[in-house]
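Record features, source TrEMBL:
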REGION    1-27  region 'Disordered'
COMPBIAS  1-16  compositional bias 'Basic and acidic residues'
TRANSMEM  65-92  transmembrane segment
TRANSMEM  113-134  transmembrane segment
TRANSMEM  196-216  transmembrane segment
TRANSMEM  335-360  transmembrane segment
TRANSMEM  380-402  transmembrane segment
TRANSMEM  408-425  transmembrane segment
TRANSMEM  457-478  transmembrane segment
TRANSMEM  498-517  transmembrane segment
TRANSMEM  523-548  transmembrane segment
Amino acid sequence: MVPQNKSKEDHDEKHGNKSKAVKASPAHSTVALIEEEMEDVDPWNLPELKDTGVPWSALDTKGKVLRVLVSVGKLVLLLGFLYIFICSLDILSSAFQLVGGKTAGDIFQDNSVLSNPLAGLVIGVLVTLLVQSSSTSSSIVVSMVSSGLLTVQLAVPIIMGTNIGTSVTNTLVAMTQAGDRSTFRRAFAGATVHDFFNWLSVLVLLPLEVATGYLYEVTKLVIDSFKIQSGEAPDLLNVITDVLTESIIQLDESVLSGIATGDAEARNKSLVKKWCQTFTNATLMNVTVPGPENCTSPSLCWVDGNYTFTLKNISKTYNVQKCKHLFVDVHLPDLFVGLILLAVSLLVLCSCLVLIVKLLNSMLKGQVAAVIKKILNTDFPFPFGWVTGYIAIIVGAGMTFIVQSSSVFTSAITPLVGIGVITIERAYPLSLGSNIGTTTTAILAAMASPGDTLANALQIALVHFLFNISGIILWYPIPFTRIPIRLAKGLGNITATYRWFAAVYIICCFFLLPLLVFSLSLAGWQVLVGVGGPLVVILIIIVVINVLQKRKPGCLPAALRSWDFLPLWAHSLAPWDKVVGVITAKCCCCCKCCQVAADDQEHREKECVENNNKPHREVYDNPAMSAEKEVENEIKIELKILKMTQL
């Protein structure tokens, strides 16, 4: 027997009616589930690089041989692109020296400004940005100290500034990975962890140095204790890269040092090296002198009328062999040559970086990625886990010593952090080791100085070394003090949401802020303290309130427990993001409108040309044709009349 409810449902289905007794289960939105899952996923976890290819065990002999050949070919291409990448960084440094090198020398020459430690710090940052090489700016400082134009105490803040300026290169490299949000988050944080370490070290050690002379006194004690003899800095990676870079451009480094030391002739010389081999000959010649007291000796002095003559060795330099590079015979100003090299090197640098990232993504898959991640990111067993970071510091120092450039090493690991091979926690000690590695190269270079200037040159190099060691002691041994990692992750989260903020960060921290401090320093320390003091106090108050809001909001008044009492634009980037979006949209619309207008104009011009090129035809009425048409029309009318009469 069929139940009544069932028969009713069948009746309703037959007649197409919907049963009101049926109750649907409550609907659940999948949006909330997705949001919960996204909240649970840590954006800083390394992504899984999945192997989408055929497994090795499933390949036949031919397939295995082909895969091995392809892998070897990719490795060779990777090494080739890495080589070109390093060479392009070297060319980029030369380009910046050509564009702003003489300006850098002029800045260093102003000794009155350098007496202000804060101004010296900013000058070190700006000059390193101009020449894009901390080794070049450090060598200028060393030459000034050696010549007696600059004391070691005044050179200490400049060395600190060069440490900050050299960290902008890898930050710019991270900008090339802005296409993917998660990759950009990791890459930009991995690059700026180096920046934050340098800035925080300066904030602590510069006031300490001004108050106590800590770096100067310790390095002087080391120099006085050891009898160090002169040596030569080894050429490691330069032996390989100079083959390509010196065939493109060669610079005369003595010109920059000459400008910094006040040589008037150096200002009129070109930085582009013309003659690579010269010969200096000293000849004993008769020369006139103002009086007998200026003669070389009484026996080599005679008077002829109103003139006094003496014998003197006159040195004359003869050009023997020209350099062999692309710009040796190009008669262009240094600025134009620098701009050409700057554009080309940036293009090659970005292209190589993109290709390196693509190759790494294709190579680091499956088991290979798992092995590399395990080697780079795994800590030692429990009792010795703390040793892992220090080994990473040693590895970073050794690799930087080999490539002889901290910019090259940190720029090379930045894309690895972006694609998820290295964690930021591991990139941090590698960057710290890179800072040490670049100072050891400077120490060896200083040891090549002459005996009379060896002590001062070596002391400046040791100041750089001790500054980085002190920074590591401050910001690494205790996990709680690894503040640069937290700051870099915070900045990475912001730039992942608002990618335009990365450009704002670079412009403000490396250009606008140093220029502001430098301008205030030129006005005098009274103006610097009067303007900068209140700004620093306000910044400290904001930082303290932010920390208390996150950790102990109960200690604050109710109004200060959040920044909601301020306008939205004062505590959120969302309104600024809308402004940037509107500006970019208008720019894009203007570009599109201009393109459409240009296309319409071009189309009209083409139509006019086509109309002008068409042959003009004049139509005349033919009387014969007109008569025939009239006859046809009369016949049609008669036929219509006949049909109507029949009806």
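Each Cβ is built from the backbone N, Cα and C atoms, and glycine gets one as well.
Keep in mind that TrEMBL annotations are predicted by a computer and have not been checked by a curator.
By the Cβ criterion (distance under 8 Å, sequence gap of 6 or more), the transmembrane segment (335-360) is counted as touching the transmembrane segment (65-92), at least 3 such pairs being found.
Beyond the transmembrane segment (498-517), the same-chain residues lying 6 or more positions past its ends with a Cβ under 8 Å from any Cβ of the stretch are 118-119, 122, 125-126, 129, 165, 168, 171-172, 174-175, 178, 181, 184, 188, 192, 195, 199, 491, 528, 532, 573, 576-577, 580.
Outside the transmembrane segment (65-92), and at least 6 residues removed from its termini, the chain residues within Cβ reach (under 8 Å) are 56, 59, 132, 169, 237, 240-241, 244-245, 248-249, 341-342, 344-346, 348-349, 352-353, 355-356, 359-360, 362-363, 403, 405, 407-408, 411-412.
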